[in-house]
Amino acid sequence: MLTGDKLETATSIAKSSRLVSRSQELHIFESVANRTEARCELNKFRRRNDYALIIRGDALEVCLKFYPREFMELACQCPAVVCCRCSPTQKAEVVHLIKQYTGKTTCAVGDGGNDVSMIQEADAGIGIVGREGNQASLAADFSVTQFHHIAQLLLVHGRYSYKRSAALSQFVIHRGLIISTMQAVFSSVFYFASVALYQGLLMVGYATVYTMFPVFSLVLDQDVQPKTALTYPELYKELSKGRSLSFKTFFIWVLISIYQGGIIMYGALLLFEDEFIHIVSISFTSLILTELLMVALTIRTWHWLMIAAEMLSLGIYVASLFALNEFFDTQFIQTPAFLWKVTVITLVSCLPLYILKYLHRKVAPSIYSKLT
């Protein structure tokens with residue numbers, strides 16, 4: 001806690017807000033004026049790093065001037081730190097040092113003009129609209145009207161934003177890489193001839209009306225209910241590890257894209273019989289169905305708009321099968337051979353992933369799934 005209040009007021013606020021428990025031992029950092037005194041106080045506090053630290057602004061300035069690393073290492077080991085009589089510059093400097101020496105993502109909360117520099121220095125600044133004016137809320141990344149809204153901002157909206165952004169970004173990568181894999185396989189089979197697998201109109205449709213609505217409906221997904229996220233704040237700890245969007249998940253989606261693209265293209269090449277247009281019909285239909293099924297596999301909580309997006313995209317594609325005669329053989333797509341070939345290819349590309357996800361849920365379920 002960084003505040004400009006005097007020591008007694010800051011200590012009372014820390015206890016009343018439960019930042020410091022009533023039974024917690026306190027270590028009040030004595031005023032220091034030079035390097036020697038600062039070293040003595042730091043050594044004294046080193047033996048009490050399980051105490052909550054209370055330090056004044058003048059002592060903080062001396063410690064940060066001569067021993068910034070030592071002070072930050074000790075302060076980060078404490079259960080709580082209260083810095084009173086801090087100037088706006090000191091508040092910003094403390095936030096900067098925390099980022100520098102710990103590598104953590106910082107969040108600063110303030111409600112007055114004295115907190116503006118601290119809020120702007122933090123990775124995420126939260127301003128509270130209060131009696132001291134709107135300066136903090138205008139300078140912040142997020143603005144709330146009550147302090148207790150911060151819990152909902154971090155635990156609910158922060159969780160949803162991170163999970164949805166991770167799913168959406170990875171699926172956009174998958175959507176582009178799978179069709180690139182299909183083109184690569186197609187070119188390699190035909191001796192790298194400069195022939196496009198799908199013509200321009202199909203590519204435009206694939207990037208827009210055929211897959212856009214289901215993919216972007218992922219922004220409505222929820223892994224847990226808001227009440228559950230607020231009741232169990234320990235779920236937030238999982239987010240800080242960044243496991244939903246990492247190099248590991250990126251490479252997993254790359255492998256999935258390569259596998260599915262290869263299966264669809266090789267399957268279409270093996271099963272087509274007469275004309276090249278049949279390859280386009282089989283492979284492109286399998287591709288669209290695979291994308292829709294992968295969106296369904298990714299979704300954790302269904303929303304009616306998600307179902308509508310899936311059905312709308314599928315309906316538009318089925319209609320285009322009969323409307324775009326220059327790309328699809330209308331007679332062929334109405335035969336049982338077309339249906340079973342598309343079904344087999346789609347099942348081979350998607351069914352293993354559904355099985356793996358089912359086994360993963362049974363063997364190693366996520367933390368939040370145990371609460372629902």
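Cβ coordinates come from backbone N, Cα and C, glycine included.
Lifted from TrEMBL, the feature list:
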DOMAIN    138-365  domain 'P-type ATPase C-terminal'
TRANSMEM  172-194  transmembrane segment
TRANSMEM  200-220  transmembrane segment
TRANSMEM  250-270  transmembrane segment
TRANSMEM  276-297  transmembrane segment
TRANSMEM  304-325  transmembrane segment
TRANSMEM  337-356  transmembrane segment
Quiz item: When the pLDDT values for the domain 'P-type ATPase C-terminal' (138-365) are averaged, what is the result?
Solution: 90
Quiz item: Can you name the far-off residues of the same chain, 6+ from the ends of the transmembrane segment (172-194), with a Cβ under 8 Å from a Cβ of it?
Solution: 203, 206-207, 211, 215, 250, 253-254, 256-258, 260-262, 264-266, 269, 283, 287, 290-291, 294
Practice problem: Go through the chain and flag residues at least 6 beyond the ends of the transmembrane segment (304-325) whose CB is under 8 A from any CB in it; none is fine as an answer. | Solution: 201-202, 205, 209-214, 216-217, 220-221, 281, 285, 288, 292, 295-296, 333
